[in-house]
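Following: one structure in structure tokens, then a few remarks.
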Amino acid sequence: MTVVIGFEGSANKIGVGIIRDGEVLSNPRRTYITPPGQGFMPSDTAKHHRSVILTVLREALDEAALTPADIDCVAYTKGPGMGAPLVTVALVARTVAQLWGKPLLGVNHCIGHIEMGRLITQANNPTVLYVSGGNTQVIAYSERRYRIFGETIDIAVGNCLDRFARVIKISNDPSPGYNIEQMAKKGSQFVELPYTVKGMDVSFSGILSYIEEAAHKMLSSGQSTAEDLCFSLQETLFSMLVEITERAMAHCGSQEVLIVGGVGCNLRLQEMMGVMCKERGAKLFATDERFCIDNGAMIAQAGWEMFRSGYVTELPDSWITQRYRTDEVEVTWRD
């Protein structure tokens, strides 16, 4: 039996999770929430993480009913993500690994999402749509790499949603994306917005600029409601994502889609992807907010796979990087 503890803190979530041979033993986390109309700054986010990380670590060990002696490896998010929060988590992981005398392992955040999705859903070899506040990629496994078939050429889909939430002052609790999803359910009028798919890639900055400028005019004149705008934005963004995912499936000859990342727990996105999959005779896999949203267990799971295939990060190499491509990692644990 191999037990791995994982530390995640690349954005506004701080989580510590423990995995034992595919079983999630514990997965507590905290979220740094800012007032409506504000995003989260790296330095403030790191300060939040520093204030709670030891409490979350204690919770993870207690919930799993384990002691440091039971842990075989300490995994942490190496990147991509926000610099200051990443450094905070790496520092704690490094310290814990040395205090406990355990090997250390730097994990790619994106691969953490993919491996967690594969574990929970038991998807075999899916085309992966990875959608979050910092990343938007369509990925498929081929020849020991997670290959990126399409991605955003500017901002991530979650960033687009979050920034629109700030424009119309939607609450950040529990998350702006979740609150947009709830408001969109009450929208009835579709407002046409720019739709930008470029081959296998998507662009969200134009649609954001357009709706940021149009929102105040439309709302003040009574042309449309905030709910209508949320509905229209979601429908347009998610249609673009379904289109590039379907194109990647056709290219790979795939009959499975796995949605991962924080935006992946949006039920409307899952519904739209489900319609496309049904038309193709394919199967859709998705997880709920426990595992879609950034969490420590996903880093532990990717670390478990990597550790068992011989990966270890030496202390001098245990740095972090804000840019870390999904296809940079050699996937030695898959056939």
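Cβ atoms here come from the backbone N, Cα and C positions, even for glycine.
Non-local neighbourhood of H113 (divalent metal cation binding site): Y130, S132, V260, G261, M298, each in the same chain, at least six residues away, with C-beta under 8 Å from its C-beta. What TrEMBL lists as divalent metal cation binding site is H109, H113, Y130, D294.
Sequence-distant contacts of G134 (substrate binding site), defined by Cβ-Cβ distance under 8 angstroms and a gap of at least six in the same chain, are S10, A11, P80, G81, A156, G158, N159. As annotated by TrEMBL, substrate binding site applies to Y130, V131, S132, G133, G134, D162, G177, E181, N266.
The average pLDDT for the domain 'Gcp-like' (29-300) in the predicted structure is 97. Feature annotation from TrEMBL assigns domain 'Gcp-like' to 29-300.
The two recorded residues, G177 (substrate binding site) and H109 (divalent metal cation binding site), have Cα atoms 20 Å apart. Spacing of D294 (divalent metal cation binding site) relative to N266 (substrate binding site) is 14 Å (Cα to Cα, whole number). Residue pair N266 (substrate binding site) / H109 (divalent metal cation binding site) shows a Cα separation of 20 Å.
Long-range C-beta contacts of H109 (divalent metal cation binding site), restricted to its own chain and to partners at least six residues apart, with a cutoff below 8 Å, comprise E8, S10, T77, K78, G79, P80, G81, D294, I299, Y324.
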